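Remarks on the structure that follows.
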């Protein structure tokens, strides 16, 4: 399951998941590629239960998107121990799966 983060404090709490891989999908409701990739991210969340999956609307929580230096959507940022380990920009399922598999 992919949980939506609705505030900076929810985002900070999500990143404090210890050594667990945290995947945050930065999206926008008006973004076509974001809508296209969303079902794949849900599928990855089911496949990789050792990771925590979140999504964040860049228009609702713009301060977090700015802080994370997100300028294109979708951008998926992968965190471990609260620190970014990699990111995938664009609706690229193969790159997203590779990033998850190599960091779980």
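The backbone N, Cα and C atoms fix where each Cβ goes, and this holds for glycine too.
97 is the residue among 20, 55, 97 that Swiss-Prot describes as ubiquitin cross-link. The ubiquitin cross-link entry in Swiss-Prot, when matched to the candidates 67, 83, corresponds to 67. Comparing 7, 17, 62, 71 with the features listed in Swiss-Prot, the residue bearing the annotation phosphoserine is 62. For the recorded sites listed here (32, 33), the lowest count of other CB atoms within 10 A around the CB belongs to 32. Using a 10 angstroms CA-CA radius around residue 34 (disulfide bond), the recorded positions that qualify from 25, 62, 67 are 25. Closest in space to residue 97 (ubiquitin cross-link), of the recorded positions given as 25, 33, 67, is 25, taking the CA atom of each residue. Around the Cβ of residue 67 (ubiquitin cross-link), the number of neighbouring Cβ atoms within 10 Å comes to 11.
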